[in-house]
Amino acid sequence: METLSSLADGFVIALTWQNLLLAFLGCFLGTMMGALPGLGPSNGVAILIPLAFTLGLGATPSLILLTSVYYGAMYGGRISSILLNIPGDEPAMMTCLDGYPMAKNGRAGEALSLSGIASFVGAFLATWGLILLAPQLVKIALLFGPAEYFALFTLAFATLGGVASTNQAKTAFAAALGIGLATVGVDTQTGVPRFTFGEVHLYDGIDFLVAIVGLFALSEVFLFLEHRHGNADASGHKVTVGRLMPSWSLLKSCTPTMLRSSFLGFLAGVLPGAGASLGSFIAYTFEKKLVDKEGTFGTGDPRGVAAPEAGNNAAAGGALVPMLALGVPGSGTTAVLLAVLLSLNITPGPLLFTQQPDVVWGLIAALFIANFMLLLMNIPMIGLFTRVLLIPPRILMPIVAMVSFVGIYGISGSSFDLVVMVGFGVLGWVLRKLDVPLVPIILGTLLGNAMENNLRRAITIDNGDWFALIDSPLSIGLWTLAVIGFLLPIIFGKVVKARIRHMARDEEGATID
Amino acid sequence: MSDRIFGAVGLILALGYAWAALVIEESFLSDAVGPKAFPLIIAAVLGLSSLVIFFKPDAAPNWPALPRLMEVGAAILVMVLYAILLPELGFVIATALAATYLTWRLGTTPVSSLVSGCLTSLGIYAVFHLVLGLSLARGPLGF
């Protein structure tokens, strides 16, 4: 009951004209960014953070804008999967498998609207899951002391590579690099400068927004330059969208699939180290095992479109649970959303729910609003979004680069930060070539200081005894999970990744002939 | 081979980081842990993972051929120049130049690149400065 009244308060906050307009704008931009191949949800949110920040929006309005972008990008990813067989972002990979064959059979419109509805169901249920689960998690989190928090951060890093990670050494390297970057600047506890080499600009540390925008957005530009993706235009593909609304019987036959997939996706989102990509993968494979008796999956079965879309949108909602309740994001995009919170001076975690309930519930209400808007927007306006796909990347990428520059310059007005950002862009490009994940770097720059502070607090409380870190059963449990989470992918990672790739290749072969 | 070089660079980075941590001047007022301990732990993680990467390298990625590499290099140079010249030239001119260059190098014909670059610059200026009121770099011409 208490939850419902808080939620009602949230709606009061979210339902102002300004916030509705921001939600609309966010949904629209998000869907576009999701739809464009190469610009995923992390990129989209990353580019827009500095803008929301420099526009002087308050905490709740900025959050509404950016989470709408986040949900929107999750919706948008399916459009290019279905129409072009190119996933708009990573989680939409599984949607290609049945979405593209459906489009080839002349049912593109149905596939698009069905997947829109599946996305809605997934995100809607996941938002309810968030409302129910997050306050419970908060109760547990209130028992955490500094030592437990330090263990929790370690757990987050250890599992960030995910089950599908192939090289844990590279994940560890990336995390250490990120945390190392966070230690640059004046030490918060004793006031001595560290790793600044006398450069005044470095005294307040490296702005994580500069790092994020450089690593994500600019490295994408360099990748395009390297491959000269100019030829990846959509001009060659002419797809007739066809009938827009799916029939009731089709929707009815997909409903159980959507419900099951939403549940699985939500779980995958909440658990550390899984995230939306795995959510859609699990949802699809499970559904295939369960209902695919005639072997129609992969040849344009509508259920094969509904399952991964419900799964990945539910996972997107689920990933918000640990981010809001514990302050520890479990996926790349939620890491970027954490950056939003931190740059707005909001520290997520258990105290957020008690101290700033307006932010939390306003955000949750905004998620509901965004979700409805996206559903409404995605069915009639689908034609507009498909046209966006016709903008060639050679025009688009420079715009992305320039908007990134504008955002960062807007924050600090310093050329130095822009040069640092270009540096991060180059670093991001090289690391991506070397298959080093970028998300741990981002998370490291975001959480590095909090992690160090908790470590030092824990040990100072116990008068310099380092065993304070493994003093309570709770922290021992977290450490054990961290070790297991780190070691598991070394054993199983290759198997899982090979299976994802294998499936994707199989289907590709099937659609070519 | 790429991973061997990467591992070696990572190791040097870890050693350098550890050295820089060791020479941090400690303040007379310090907590039980001090400002050095945490960076040293991180340096250890960095070093160990670099060693693993060095001794168990993955297959090398496809590095672009020299001309493509030059292409990326030139783009980096243009972006750095853009960052430095932005306050000198003003937002509109600098952005138009940089956007034109990038569009051209991504495979658009020179004339369309120029048009697209100028439109990008003016468009961003109109949306972010005139509509949203963001303060952008002012050049000698006032825009």
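Note that Cβ sites are derived from N, Cα and C of the backbone, with glycine treated the same way.
Feature annotation from TrEMBL assigns transmembrane segment to A:20-39, A:45-71, A:111-134, A:140-164, A:171-188, A:208-225, A:263-286, A:335-353, A:359-385, A:397-430, A:476-496. Residues or ranges marked as domain 'DUF112' by TrEMBL: A:20-443.
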Surrounding residues of the transmembrane segment (A:208-225) on its own chain - C-beta under 8 Å, 6+ positions past either end: 38-39, 42-43, 46-47, 49-50, 53, 181-182, 336, 339, 342-343, 393-394, 397-398, 400-401, 404, 407-408, 411, 417, 420-429, 431-432, 438, 441-442, 445-446
What mean pLDDT score does the domain 'DUF112' (A:20-443) have in the model? 82
Cβ pairs under 8 Å between the transmembrane segment (A:359-385) and the transmembrane segment (A:140-164), at least three: no
